[in-house]
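Asker: Got a structure for you, questions after.
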């Protein structure tokens, strides 16, 4: 951390003592508080945070609710730009690039999956090397370039196949190929990488604006994740209405131009808040390496006997810590007791010998971090199937809507890709209700500061995702019945002109229920991963949510292909989802399959949620026993 200029900041040290947070009553015993005087005002220095120039971050000047606006605005504007692609690209692939439905669906899910998967890699880079705020800026610029390329391709006739009426039923339609296909993939995956970087770093950067050791800010940090969801929904609502309408009615190039403009504005807003941010100090070393050291050391020490007293395990002394920011975590027996072997003290005759080999002897804190990361894996896996369900709402449900009546009144035809607006509008109202009404009420009943636990919140969302898939199956049965009754099974749908006599608002319940499921599950997981992760892995842990979505999208591709292969010989269409004509497919059975898989996943989640043990609190200096092994 750089030194503070004495000309600008006068440092005033006050009493030194350890700050304690009581989880029972939320009070703080303020001590070891360092303050600084700036412009005649005294501010409290925030441990482990700096401003953009490397000077100590000050409470009241940096971070907090007001300054998080810039971050929330960036998140909302980025989602405004990217969501219009996620919900409408399936129609762009089919209508402009002439890619068949199943291939277009897989292309979209692979694009989305890559975006979420890369988030984990970028988050590690952010934590170790350049920091979260710089990751957001660089990623935003990359995404902006990708959107410019996509806009250019949509605008230039030379960069996409010639217009062809009647796709997918007209075999003469030319599919995108060659350099134009390369252009499409380059644009898509630049957008995917940029969006991944924002998703990896920005939620953790938003949480960095609050101090989890401060009673008020600790609750505000919990609310921060709800605000992030609200900003996503607000930006998304504009995206799937205004931007999608422009794409469908004014041209894809103009629609992509609007998305590009929103992305540019997101960058400007985020940079404008730079002087006001609290910025977490960059670790400069790989916390992942320390995690792997535990696993290697535990394996190497597998034949050693664990001491009966855990205080005999190795831990450095606070007085000899390399940095005042060094993290200390108390020991716990469960889970993964076998990893404690990594902290068995190796025999040595010289107490002043060099530090032990970290691949054979690790700190207790390291071991506890390794236990926490490993224990997160089953919870992470439990969220994958929900990402698979989400993929269907962004692909097959949009294809369903393209065959239905999308008119609103006599003159306005709603774009099919605007269907997610139902879920977004519900969320825009549901998030404040949850935050302002439900949480205070539940807090009084349960005594839990956040109202309900992370796991209870996630569980509610998983149940609602099952309900959403069951509703989707029922609606598809009804839609196909209408097509058969009116002799329109083989019709070529044209929005507002040729469609089934069935309103697209039949799809509203499945979107609405899944939207509420999003609020519970994804916000709960985001908060869970951030709160439980080691300090040096906050960005990476936050990206676990996006990684689970990534696996969900890839699993969607695998399940679609597996279902088609398994049902190829027993269906006239060559598979449940193989026909180019959605009316000839068995999408209803596919939705029922997802409902069953989601139900099995829910019971799997219940098992792991009951098994999980929250990470122990940070060890206070006065609680550190002299008999603990030190170096």
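For all residues, glycine too, the Cβ spot is worked out from N, Cα and C.
TrEMBL lists these features:
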type: TRANSMEM; residues: 69-95; note: transmembrane segment
type: TRANSMEM; residues: 107-126; note: transmembrane segment
type: TRANSMEM; residues: 133-152; note: transmembrane segment
type: TRANSMEM; residues: 184-202; note: transmembrane segment
type: TRANSMEM; residues: 223-244; note: transmembrane segment
type: TRANSMEM; residues: 256-274; note: transmembrane segment
type: TRANSMEM; residues: 412-434; note: transmembrane segment
type: TRANSMEM; residues: 454-477; note: transmembrane segment
type: TRANSMEM; residues: 498-523; note: transmembrane segment
type: TRANSMEM; residues: 543-566; note: transmembrane segment
type: TRANSMEM; residues: 587-608; note: transmembrane segment
Asker: Compare 184-202, 412-434, 543-566 by their Cβ pairs under 8 Å to the transmembrane segment (587-608) and return the stretch that comes out on top.
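Answerer: Per the Cβ count, the answer is 543-566.
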Asker: Counting Cβ pairs under 8 Å that sit 6 or more residues apart, are there three or more between the transmembrane segment (223-244) and the transmembrane segment (107-126)?
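Answerer: Taking Cβ pairs at least 6 residues apart, the transmembrane segment (107-126) and the transmembrane segment (223-244) are not in contact, as fewer than 3 fall under 8 Å.
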Asker: Are the transmembrane segment (412-434) and the transmembrane segment (498-523) close enough to be called in contact, which here means at least 3 C-beta pairs under 8 A that are separated by 6 or more residues?
Answerer: yes
Asker: Mark yes when the transmembrane segment (69-95) and the transmembrane segment (184-202) have three or more Cβ pairs under 8 Å (sequence separation 6 or more) and no when they do not.
Answerer: yes
Asker: Sort out the residues at least 6 away from either end of the transmembrane segment (133-152), same chain, that have Cβ-Cβ distances under 8 Å to it, and list them.
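Answerer: Long-range Cβ neighbours of the transmembrane segment (133-152): 52, 74, 78, 81-82, 85, 122, 125-126, 159, 183-184, 186-198, 200-202, 205, 253, 256-257, 259-260, 263-264, 266-267, 270-271, 274, 277, 279, 539.
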Asker: Are the transmembrane segment (107-126) and the transmembrane segment (256-274) close, by which I mean at least 3 Cβ pairs under 8 Å that are 6+ residues apart in sequence?
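Answerer: As far as Cβ distances go (cut-off 8 Å, pairs 6 or more apart), the transmembrane segment (107-126) and the transmembrane segment (256-274) do not touch.
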